[in-house]
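Q: Could you have a look at this structure, given as structure tokens, before my questions?
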Amino acid sequence: MDLYEYQAKELFASHGVPTLPGSVATDSDGAKAAAEQLGGPVVVKAQVKTGGRGKAGGVKLAENPDEAKTKAEAILGLDIKGHITRRVLITTASDIVDEYYFSFLLDRANRNFLAMASVEGGMEIEEVAATKPEALAKIAIDPIQGVDEAKAREIVDAAKFPAEIADQVVEVVVKLWETFVAEDATLVEINPLVKDPQGKIIALDGKVTLDENASFRQPKQAELVDKDAEDPLEAKAKAKDLNYVKLDGEVGIIGNGAGLVMSTLDVVAYAGEKHNGVKPANFLDIGGGASAEVMAAGLDVILGDPAVKSVFVNVFGGITACDAVANGIVQALKILGDEATKPLVVRLDGNNVEEGRRILAEANHPAVTMVDTMDGAADKAAELAAAGA
């Protein structure tokens, strides 16, 4: 789960990482009030979960509260890379002497944690890595040993931070590691980490990604979810404990097991090339349980997507046998009733497949078409989607 900048900086501050005072506003009057409370020049910053805010006009300096109100009016509602700005952060303006970069992240490729640091901050780190790779220090972090002052010093030295700020940066690194671990994050990033004219180090901007798999021990994660920004179908699926990701196609996908679902996306995309370019509309893995309730919940979510023109149910019977899956589909269609109007292509294979096919055949539901092979079923689902588009 990605956080907004203001949420990230609140987490930083709670762990002792130095940040500037700020307040969030959802309208221009609130922005003016926040600027009045802070006093002096402020920066009005769009709160969206994407980069490039400055180039898009989403970050503006305001010299006084009235100007903060005007700048907030210009930013609120701004579309930044498809993200609509619904709130702004009003924060104290700061003069900047130098800009740096620092992050901790989960290094999935090496199954480890990684620290990345650079004295070339303030720009996209991908740009630094591409144009000046020697300016980006990467240090592997042992998850057992973690980051103490000595390890933080090693990181700071590797990145060649100036000696006059090294002690401050070491302290920030230790506290940022505490944030990373305590909050179950997969990314904590400060860009830029700045030095002000007084020589003080400040986290001027922040990015945090939290591991939602840790929500059972991080109850406050629920308070950080932005209900307005969440896709309504994904929110509905999440409420039903379904592993669902919305895509931009026309063929709804239900499968059991992430690998099978990913393969299904591929074969549907390939089949769609012959049928007006239709594509998969979602990823939905129902896992090992294909009960009537789970199947009904999955179909309810997928059929709620107006872009979906057909649904492909692709199940390989293992621990959950095909007859149980078939019964689940039949019961799900009864539960959904008149809502189950879009064509449903079902491919069953594996444990008790013949019994599963018999159950579906006897149910004789007008929306259901059975196809024996995965490629054939994908082709049929794509054909039906193209016809209904």
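The count begins at 1 with the first shown residue.
The backbone N, Cα and C atoms fix where each Cβ goes, glycine too.
As listed in Swiss-Prot for this protein:
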type    : residues                                 : note
DOMAIN  : 9-236                                    : domain 'ATP-grasp'
BINDING : Lys45, Gly52, Arg53, Gly54, Ser94, Glu99 : ATP binding site
BINDING : Asn191, Asp205                           : Mg(2+) binding site
BINDING : Asn256, Gly318, Ile319, Thr320           : substrate binding site
Q: Given the binding-site residues Lys45, Gly54, Ser94, Asn191, find the one whose Cα is closest in space to the Cα of Thr320 (substrate binding site).
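A: Result for Thr320 (substrate binding site): the nearest of the binding-site residues is Asn191.
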Q: Suppose we draw a 10 Å sphere around the Cβ of Asn191 (Mg(2+) binding site). How many other Cβ atoms does it contain, all chains included?
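A: The answer is 23 other Cβ atoms.
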Q: Would you mind pulling the longest C-alpha to C-alpha span across Lys45, Gly52, Arg53, Gly54, Ser94, Glu99, which the record has binding ATP, in angstrom?
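A: Farthest Cα pair among residues binding ATP: 20 Å.
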Q: Please find, for Asn256, Gly318, Ile319, Thr320 as listed binding substrate, the greatest distance between any two Cα atoms, in Å.
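A: Per the listed residues, the maximum Cα distance equals 11 Å.
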Q: Highest CB neighbour count within 10 A among the binding-site residues Lys45, Arg53?
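A: Its Cβ has the most other Cβ atoms within 10 Å: Lys45.
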Q: Looking at the binding-site residues Glu99, Asp205, which one has the fewest other Cβ atoms within 10 Å of its own Cβ?
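A: Minimum Cβ neighbour count within 10 Å, taken over the binding-site residues Glu99, Asp205, occurs at Glu99.
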Q: Could you give the Cα-Cα distance between Ser94 (ATP binding site) and Asn256 (substrate binding site), in whole Å?
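A: If we compare the Cα positions of Ser94 (ATP binding site) and Asn256 (substrate binding site), the gap is 53 Å.
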Q: Rounded to a whole number, how many Å is the Cα of Gly54 (ATP binding site) away from the Cα of Gly318 (substrate binding site)?
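A: Here the two Cα atoms are 52 Å apart.
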